[in-house]
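Colleague: Here it is: the structure, laid out below.
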């Protein structure tokens, strides 16, 4: 960032600028024809939500590290978004997708977790400097993003104490490598018939799924009332408050345990770790109650709004020049995603899964709810909610899976 004093230091003004950026990006990305449709076919909207705030920081217009907007979004909006995204989980609907869809999704999760270790060890041979020092910490944020989404990514940043510069480097790896993989999936989707012949997939279940999704949408969708919106916010922030309250007690309990157990090494004395785990768990429990019906009124959309604000506040701390210092990180990301992809294709062949299930299962991990519906709707517009259902499951698993991956990476790094 510029060594000069930032032009704007008032957080209210900065927040307004971020809101304008988010609104502008999402509005233009929603256009169905003309210049913007073509523009966003090449430039992902999510990338701009990170990039534009980071340009403000890099150019010295603002000082993201001095702003209190990120701590606000981290402590209040992140847990709230996790709750609302997990409330949307419909376990019965996921079961009705059939075992192959869930198997492919879980294979994708395993591919990210194991792929992190494989890529780490491979780079030790190819270019040891890339994975020296604290690189493993940055990889945990990509694991969070690629298993779950932006909320899990931010959670891993806090849990494993990833500094802003390294986080910025790995956000770039996440977004650029992840979107390259999305392009690969869309390329494969245009050749679905050949892929399905190769795997010997039975498409009857997929056709029945299209019909059941149409019925589900018609049954649950409704125009939200003021009461609906207030209840959704109450669920999010009451659960957030409860998560912070319980986290204090969890930390106190863990700190009272014998020091020789080295629980601090596993972030179990981190209050933020317990906040995100508790918020995720509360969301999962609420999904088994009538609270899940608020998904029809837009619970996950409000969760997504919170998440996008969080994304913008993270972006405004990024130094875009940082990645130029470590270009080998891109190779690390490519090796990582390649292992994930190879495992997905192998499993699709073994269980004779349609390309639809492989592609959506993969993108539900790598791209989360922001892009999994895009890949799903490429096969049929009515299938977009399938991507959402699996991606929301990823939000639930992201915190746990990325944490386990982080512990394993820490062991490999010798810390």
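The backbone N, Cα and C atoms fix where each Cβ goes, and this holds for glycine too.
Reproduced below are the annotations present in TrEMBL:
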type     : residues : note
TRANSMEM : 12-27    : transmembrane segment
TRANSMEM : 39-56    : transmembrane segment
TRANSMEM : 76-95    : transmembrane segment
TRANSMEM : 102-120  : transmembrane segment
TRANSMEM : 166-188  : transmembrane segment
TRANSMEM : 225-246  : transmembrane segment
TRANSMEM : 266-286  : transmembrane segment
TRANSMEM : 298-316  : transmembrane segment
TRANSMEM : 328-348  : transmembrane segment
TRANSMEM : 355-376  : transmembrane segment
TRANSMEM : 382-409  : transmembrane segment
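Set these features in their place in the structure for me.
Modeller: Tertiary neighbourhood of the transmembrane segment (39-56): same-chain residues 17-18, 21-22, 25-26, 28-29, 62, 64, 168, 171, 175-176, 179, 182, 308, 311-320, 370-371, selected by CB-CB distance under 8 Å and a gap of 6+ residues from either end.
Remote same-chain residues near the transmembrane segment (102-120) are listed as 94-95, 131, 136, 139, 142-143, 146-147, 332-333, 335-344, 347-348, 351, 353, 357-358, 360-362, 364-366, 390, 393-394, 397, 401, 404-405, 408-409, 412-413 (criterion: CB distance under 8 Å, separation of at least six residues from the stretch ends).
Through the fold, the transmembrane segment (266-286) approaches residues 74-75, 78-80, 82-87, 89, 151-152, 155, 158-160, 235, 239-240, 242-244, 246-248, 250-251, 254-255, 292, 395-396, 399-400, 403, 407 of its own chain, all at least 6 residues removed from its boundaries and within a Cβ separation under 8 Å.
Using a Cβ-Cβ cut-off under 8 Å and counting only residues 6 or more beyond its ends in the same chain, the transmembrane segment (328-348) has close neighbours at 103-104, 107-108, 110-112, 114-116, 118-120, 122-123, 126-127, 129-131, 135, 138-139, 142, 146, 169-170, 172-174, 176-178, 180-181, 184, 195, 199, 355, 357-358, 361-362, 365-366.
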Colleague: With Cβ distances under 8 Å as the criterion, find the stretch in 166-188, 298-316, 382-409 that has the most pairs with the transmembrane segment (12-27).
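Modeller: When the Cβ pairs under 8 Å are tallied, 298-316 comes out ahead.
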Colleague: Mind checking which residues of the chain, 6+ beyond the ends of the transmembrane segment (355-376), have their Cβ under 8 Å from one of its Cβ atoms?
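Modeller: Sequence-distant neighbours of the transmembrane segment (355-376): 44-46, 85, 100-101, 104-105, 107-109, 111-112, 145-150, 178-179, 181-182, 185-186, 188-189, 192, 195-196, 199, 201, 206, 300, 304, 337, 340-341, 344-345, 347-348, 383-388, 390-395.
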